[in-house]
Amino acid sequence: MEIRRSPPSLTLVAVLLAVFAIHGGDCFYLPGVSPADFRLGNPLPVKVNKLTSTKTQLPYSYYSLPFCLPDTIIDSAENLGEVLRGDRIENSPYVFKMREPQMCTILCKKALDKQSADEFKEKIQDEYRVNMILDNLPLVVPLKRLDQENFTLYQHGFRIGLEGQYPSGGKDGRYFINNHLSFVVKYHNDLQADTARIVGFEVKPLSVKHSYDGEWNGVQTRLSTCDPHANQLVTNSDNPQEVDDKQEIIFTYDVQFKESDVKWASRWDTYLLMTDDQIHWFSIVNSLMIVLFLSGMVAMIMLRTLYRDISKYNQLETQEEAQEETGWKLVHGDVFRPPTNSDLLCVYAGTGVQFFGMILVTMIFAVLGFLSPSNRGGLMTAMLLLWVFMGLFAGYSSARLYRMFKGTEWKKITLKTAFMFPGVVFVIFFVLNALIWGEKSSGAVPFTTMFALVLLWFGISVPLVFVGSYVGFKKPSIENPVKTNKIPRQIPEQAWYMNRAFSILIGGILPFGAVFIELFFILTSIWLNQFYYIFGFLFIVFLILIITCAEITIVLCYFQLCSEDYLWWWRAYLTSGSSALYLFLYATFYFFTKLNITKVVSGILFFGYMLIASYAFFVLTGTIGFYACFWFTRLIYSSVKID
């Protein structure tokens, strides 16, 4: 058996192709999106993808189990996103020909030994599913819902087998393999061109212990349990195929072709059918109520309280009267004093801008349909490339803030911006990848891809951060609207509800509350192997998140300044950034209530990846809150007369 592998350079080529695909949608077909026309009898390439399980979250290559093999195993070229997701797309021994039905085609016969039987049993016990692809459409198992007769659910992939007992009774704990597959290929006919396009790929898996008379004659053997000559099909089996040592398994399949009214452009609609859109609308309405409440608070502060305060401050005629006043004006001489660890604040603010730019552009591409599931791995590839190119804005933002704080060593702050967040994420990712590699899973990122990631980081992102920092540092410094006193003002004792930790934790609840319903669907799509394609809803929720983070930070910042506490810089960042803590706590709740993960390694993977996601969410929301508060303080202190 010969195995061909894609050369390592294909990973880098795929990155460049993805750039063209993303930035030149009008000039290039997106990968996997151009339609393929098939005439009668044309071969249909059936490909196998990874084996997946929601119990272990560890994908494996299809040929890691002793299934039937083609003459030569050929890996399809994968883009960066596919490799990171653990997708391994390879050819299969299944032979389909357009509109030529097949009945009980023998694939091969396998004699199991103890090792191969144990491998099958382990995967069946962990509820692994086989994923296959035909014309870029994933294989699905249609299931009728009991409460809705006319509605069909689609499960991705089919179970390798089942654990239980024989239909006639017996001991539990036996393992049965789905060795007979009844495929249904749906096609849409083009009568004028006499061609057809594939619009559906379904399967009904069955377990049947095949039998035959006489000697085994390969694929020409005539089975007594499934005979195309006698028009005998397998519809159900009272004698399923058990997996055990010294068992012989005969793999067979049927292929049916059904004409469909579904057009090629709409073929993904059934896969992406949203049955819970009312919940998403409830999420939007819930989030909008939070936004309206906060907007009312901000409007009251800006239009009533601040207007009254500014008018009163500007009408004071004597210094004695000014000294008698209390409130946010009293701290004008300290409010723009550089905070402690100002370098770190600059780094996180710059990284947050990089994240914001990446997510905003990704969302726009996704809403426009460029990153549909048909473009497999496109979403992750786009996010990585955009993160790399947004390094320009990260360097610019951190340098501008650093210059305002009277910093002089711009190269030092640039290095921290380029390496701090990506470095932490890369270390966690490397450790998790080592664990996946130890489990011999196909989800482990190969060395060549690791090298490609490091090349993108050091070769593109870091230089762009330096370019942005150089441009930002050369610009004139941002001038504060009021002068800073040489001697810091003493902060009076604060009320219990203005305690730093308390106000920060309270501030994170509302931004998290605005997104947590949508977060459930995102976690479900990631960890329960489902498609997520409601980017319209997600984009609205993202806009609501931005507004909520900005408004809650402004409200709490105003209360803080009125209490004559001028240490607002870090508190503004942490107020909205604390929503990441609630995200991680919710992920923990989701793990124990929705997932059925049993392996320790799988649990470590879940919490490791959710730690990365929470860290990124902290940087994003913290930056939004910080810049909103920065704009607010500059606005109010530039509106009063300071002697």
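A Cβ is built for glycine as well, from the same backbone N, Cα and C atoms used for every other residue.
Annotation source TrEMBL lists signal peptide at 1-27. If you look up TrEMBL, you'll see 281-303, 345-371, 377-396, 417-438, 450-473, 504-528, 534-559, 571-592, 604-632 marked as transmembrane segment.
Outside the transmembrane segment (377-396) by six or more residues, the chain places 14-15, 18-19, 21-22, 30-31, 78-85, 87, 350-351, 353-355, 357-358, 361-362, 365-366, 370-371, 414, 417-418, 453, 456-457, 460-462, 464-472 with a CB less than 8 A from a CB of the stretch. Among 417-438, 450-473, 504-528, 604-632, 604-632 has the largest number of CB pairs under 8 A with the transmembrane segment (571-592).
Same-chain residues lying 6+ beyond the ends of the transmembrane segment (450-473) with a Cβ under 8 Å from its Cβ atoms: 11-12, 15, 80, 384-385, 387-389, 391-400, 402-403, 410-411, 413-414, 417-419, 422, 426, 430, 433. With a threshold of 8 Å between CB atoms, the same-chain residues lying at least 6 positions outside the transmembrane segment (345-371) that come near it are 21-22, 25, 30, 339, 378-379, 382-383, 386-387, 390-391, 393-399, 401-402, 405, 407, 413, 416-417, 420-421, 535-536, 538-539, 542, 569-570, 573, 616, 619-620, 622-624, 626-627.
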